[in-house]
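Q: For reference, Swiss-Prot lists these features for the protein:
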MOD_RES   2  N-acetylserine
BINDING   20, 22, 60, 247  Mn(2+) 1 binding site
BINDING   60, 128, 217, 245  Mn(2+) 2 binding site
REGION    87-117  region 'Interaction with NBN'
MOD_RES   275  phosphoserine
CROSSLNK  384  SUMO cross-link
CROSSLNK  468  SUMO cross-link
REGION    505-706  region 'Disordered'
COMPBIAS  505-514  compositional bias 'Basic and acidic residues'
COMPBIAS  569-579  compositional bias 'Basic residues'
MOD_RES   570  asymmetric dimethylarginine
MOD_RES   572  asymmetric dimethylarginine
MOD_RES   576  asymmetric dimethylarginine
MOD_RES   577  asymmetric dimethylarginine
MOD_RES   592  asymmetric dimethylarginine
MOD_RES   594  asymmetric dimethylarginine
MOD_RES   640  phosphoserine
COMPBIAS  643-653  compositional bias 'Acidic residues'
MOD_RES   648  phosphoserine
MOD_RES   671  N6-lactoyllysine
MOD_RES   676  phosphoserine
COMPBIAS  684-694  compositional bias 'Acidic residues'
């Protein structure tokens, strides 16, 4: 369909769907720094050219939890450029906006704000990269929401129970129920689904007349026993699921035969990991919804940097490489050079006729050197391609896989055998490393009071969210809780008995996962509150508080400049913003200037010594210490619908058949037809070959639901 197709009438929703844009990814890289912004510009331009009703984002709009000023500025600039204007919004919102956007200071959709002139509304959930953090649980999307550019929905305020209330939209006779669930740690959400703590609310009136669209940002592929969300967990009244977080582009809706809904995985719009899933061509989707029918048109992204990957197993070429040959390294280098040149030639051929595509491609050659071979110097080899590829430092990746006990003669499956580094998008997580360490550590270094899970969560907060006080607050909180337990039990002050009671108390907490979750949340909230207090205290200093003798400062700078070379190329004498004689710590760190005479320091030597002493106290010492800190406290579907997948930009239209014609034919043999099942009536039209299209089958049974 073209943007001016007559079937795009007042009853048809046109929605641009995208996920995982990752604005700011590698923004400091000289070659790839602007890739995310250029592609985001293309996505918004596609929305404008296709005259969509709104844009739907599936999380991870930003790559960093705390995006830089450049990233925020570029994002706001593009949203203002494309999403503001005089074009009227053709649909209305009929749900309670105070429920949909209740966590915002402006609990209404942005295009209904009289102070804003929005032409293309943007609805977005948050992902795991830009999720809410801090004492106030804010994220970068909340900044965009407050500015009036994004409608942030799908946010859960509770960690015990999730009630998903839909945003109800109507355009003409078409009713769209938009459900969203921002990123939640997979293990926690998995447990909530198992315990029936996730509820998707439905409209009270005429619930079967709504097209139900659900946006989620979780692991779809299985990374562990509970580190993913099975599609079977989702309610079966859903019609289409937009699945974010997974970067491989599988935007064509696929049918879940158990729940009988469709899943579309748009994938990322930028290559963030040099892994096989990222080699798939990137697309966004133009979703049309009319009544109970839908059509998904794939729109290729033409500004995405090319990415080519190839695997080489040296042992598979015995005629070319002999490990005992002293010149085998030179032969391997020549072979790798030839492979990379082939990929560069392929990139050049594909780039012809597309001036929007970046000139330098991403190239990755993975070399398995098992069998007695030795890797060569990758950095020296990569210097040949500095001016030709966008990733010269990691063009080649050497690896070895462990020898298998039994040879099956099958081809090597790199996805199963390769131990990928973190740079290739593996799911290596901090809390898993902590758990693995304590599982393999010797007995004398095992935790006796703290829990592995709590420590893992605290370290993850420290690494991912830069919560510098997370570990310290967790230790203090669990120590306080243990002390209270021992006091309540009136344990004798015998070291052996106290150690035994502490061990039992720790084991009981480990068995009670809910209690341990509460401990971690309380400790993290205390760490965030402490950081917020430190930030407020740092920002409370005025120019009068930090004033000093300009003459002394100038003399001091003059002396320093004669005796030492500055280590940073920053200007001197910055006034109230701080020169070399000042140092401000925005997060509560040390604020000691050099020769300023202010004596402002939040953590002097004495405090460090005290902290070190308290950390080294044993359990018995802590218990005996007299100084105590205060404690801190489903309906049956009887409708039919039509779903189409458009693989090209050619004109196509919604089927004009009657309601009876939209139902599946019952002539094709099927084992399930004898079970009195009714068809959901989902039909696909595609430009691909019918033999390869799983949606063009003559019959698709549907069972009756209770």
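For all residues, glycine too, the Cβ spot is worked out from N, Cα and C.
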Q: Using residue 384 (SUMO cross-link) as the reference point, find which of the binding-site residues 20, 22, 128, 245 has the shortest Cα-to-Cα distance to it.
A: 22
Q: In whole Å, how far does the CA atom of residue 20 (Mn(2+) 1 binding site) lie from that of residue 128 (Mn(2+) 2 binding site)?
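A: Here the two Cα atoms are 10 Å apart.
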Q: Within the same chain, where does the region 'Interaction with NBN' (87-117) have neighbours whose Cβ lies under 8 angstroms from its own Cβ atoms, ignoring anything closer than 6 residues to its ends? I mean 6 or more beyond.
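A: Residues 10, 13, 51, 53-54, 142, 145-146, 148-153, 155, 157, 165-171, 176 contact the region 'Interaction with NBN' (87-117) from elsewhere in the chain.
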Q: Residue counts in helix (H, G, I), strand (E, B) and coil for the region 'Interaction with NBN' (87-117), per DSSP?
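A: With helix first, then strand, then coil, the region 'Interaction with NBN' (87-117) has 7 helix, 2 strand, 22 coil.
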Q: Quick check for the class: what is the C-alpha distance, in angstrom and rounded, between residue 217 (Mn(2+) 2 binding site) and residue 60 (Mn(2+) 1 binding site)?
A: 9
Q: Which ones, of the recorded positions 60, 275, 468, have a Cα no more than 10 Å from the Cα of residue 245 (Mn(2+) 2 binding site)?
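A: Checking Cα-Cα distances against residue 245 (Mn(2+) 2 binding site), the recorded positions within 10 Å turn out to be 60.
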Q: Of all the recorded positions given, namely 128, 275, 468, which is spatially nearest to residue 22 (Mn(2+) 1 binding site) at the Cα level?
A: 128
Q: Among the binding-site residues listed here, 20, 60, whose Cβ has the fewest other Cβ atoms inside 10 Å?
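A: Minimum Cβ neighbour count within 10 Å, taken over the binding-site residues 20, 60, occurs at 20.
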Q: Calculate the per-residue pLDDT averaged over the region 'Interaction with NBN' (87-117) and state the result as an integer.
A: 90
Q: Which are the residues of the chain, 60, 128, 217, 245 excluded, whose CB is within 8 A of where the CB atoms of the Mn(2+) 2 site average out, their centroid?
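A: Sorted by sequence, the hits are 19, 20, 58, 59, 126, 127, 129, 183, 218, 244.
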Q: What same-chain residues, at least 6 away in sequence, bring their CB to under 8 Å of the CB of residue 128 (Mn(2+) 2 binding site)?
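A: Counting only residues 6 or more apart in sequence, the Cβ neighbours of residue 128 (Mn(2+) 2 binding site) under 8 Å are 59, 60, 183, 217, 245.
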Q: Can you tell which of 247, 384 has the most other C-beta atoms within 10 Å, given these are the recorded positions?
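A: That would be 247, with the most Cβ atoms nearby.
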